[in-house]
Amino acid sequence: MAEVGFHVILTTFLAGIFLIAVVVLLCYFTCRLTGSLPVEREKDPKFWNAWAQRTLKNALTLEKLNKNTAKNIILFLGDGETQHHYFSIPPPPPPPTEQQLIIDCLPNTYNTNAQVPDSAGTATAYLCGVKANEGTVGVSAAAVRSQCNTTEGNEVTSILRWAKDAGKSVGIVTTTRVNHATPSAAYAHSVDRDWYSDNEMPAEALQAGCKDIARQLFENIPDIDVIMGGGRKYMFPKNTSDVEYPGVAKHSGTRKDGRTWWRSHYVWNKKQLLSLNPNNVDYLLGLFEPGDLTYDLERNIETDPSLTEMVDVAIKILRKNTRGFYLLVEGGRIDHGHHEGKAKQALHEAVEMDRAIGRADLMTSVHNTLTIVTADHSHMFNFGGYTARGNTIFGLAPMLSDVDQKPFTSILYGNGPGYKMINGARENVSTIDYQENNYQAQAAVPLNMETHGGEDVAVFAKGPLAHLLHGVHEQNYIPHVMAYAACIGQNKEHCKLSSGTAGLRPVLSSIAALLTVTRLLC
């Protein structure tokens, strides 16, 4: 028997080596073919016809729906992510190297009391499955913002709680404060998204028994397995010096109750995070800044982890659970870049989230992991001006205004801090560095902070029951799909009729992973 087992192992090993060799060769030739004359190939109708036929063939295979039970669920949320595809994907994309089940649909983003939503009401929708008022997290629309006495009885729970109650490991990774609007809806019930610590709460709310969001992070669901992001100062007593910025008052602790919130494994810099052995860590708290994490363009790569690195560690810890996991990942500073009118910061944040999605894709299997990528709302962000292919998105449109005869950038905002008038006329952008990281793109209406947009956003999904996301849906539909696919929460009757989580297909999964590597390398 031992000899037979050895031959099986040897055969599998040699087959793996052969597959790797084939993929490397495919990657080499594909890269050479797709990278040599990208412009010339587009002149040939055969290129477009062949590409369309491949796409058609892949589309036809979608009839073979993945009806497995989702052991794992990953939700990637780009806060305020809008039309970023033209920046993050070089045109034209290479021919597909593997079939991907990606369903494009449009969730309605409005809050119950607002046509144009905020991140709190939307987070309650796509995490708790219930539409809510703007500015409130983890409570129904019966709760009124900032009115503490409307909290009790109106609490709603999130899919993170549903997953934890089902025995799965759960995690939150964000580039904002861990008690910011998006992550807080996963665990907190607060009528005001700005109640980060008791320092930001009115005295009457504290006297009425309402709790700050940082406190709820550790009390409501005390066994969240992984928490990573920013927000250190909300966990420490008032005036406690920050470990990274000692003596800087604005980074000191804020809590009035004198309490310090801690976990067994606590890290605050990249070196500590990457030195952890995930096999020895069951609960992790990583707080890498006093407030939000720095923009990726300004990140100290020696001391501050990227979103991709945080996601990598999170999955390594969470996947140890044989029952699977739920992971919420937020590219939260996309939103902040747009609010500040700094399109370059926002778009580079979006690209970093794209990298994190790619890393998660390599670490999981489409057979048992439902991955959803979406946004909570859009922004007043626009891109146009008849720019030619190959033009940098941060450059000028290839024309002057036919009204004031001045140039304008391809990126513009409908409103925001980029509105500038010089001597009663629009600023001439050719006289300034419009490609600088913190350049604020011109805006039509002057505001200190740019606003959200009200249009629907896209959802991309792959894995078990991804086909349940199709067409146009209300935003609160999303967590119900995740729960149904994973057989958690309500709607479990279908689980009794199935055989449960489908068995993994190791050989096919390996091939898929190798092909994914090929796609990334090429």
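Cβ coordinates come from backbone N, Cα and C, glycine included.
Owing to the predicted nature of the structure, the values given are computational and were not obtained by experimental measurement.
Copied over from TrEMBL, here are the features:
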- S119: active site, phosphoserine intermediate (ACT_SITE)
- D79, D335, H339, D376, H377, H452: Zn(2+) binding site (BINDING)
- D79, H180, T182, E330: Mg(2+) binding site (BINDING)
- 6-31: transmembrane segment (TRANSMEM)
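When the alpha carbons of D335 (Zn(2+) binding site) and H180 (Mg(2+) binding site) are compared, the span between them is 12 angstrom.
Ranked by CA distance from H452 (Zn(2+) binding site), the recorded positions S119, H180, T182, E330 have S119 at the top as the closest. Of the chain residues outside the Mg(2+) site list D79, H180, T182, E330, L77, S119, A123, T174, T175, T176, A181, P183, G331, G332, D335, D376 have their Cβ within 8 Å of the site's Cβ mean position. Proximity to the residue listed as 'active site, phosphoserine intermediate', judged by a C-alpha distance within 10 Å, picks out D79, H180, T182, D376, H377 from the binding-site residues D79, H180, T182, E330, D376, H377. Proximity note: of the listed binding-site residues (H180, T182, E330), T182, E330 have a CA within 10 Å of the CA of D79 (Zn(2+) binding site), given in sequence order. Over all protein chains present, the Cβ of D79 (Zn(2+) binding site) has 27 other Cβ atoms lying within 10 Å.
E330 (Mg(2+) binding site) counts 29 other C-beta atoms within 10 Å of its own C-beta, drawing on all protein chains shown. The Cβ neighbour count for H377 (Zn(2+) binding site), using a 10 Å radius and every protein chain shown, is 26.
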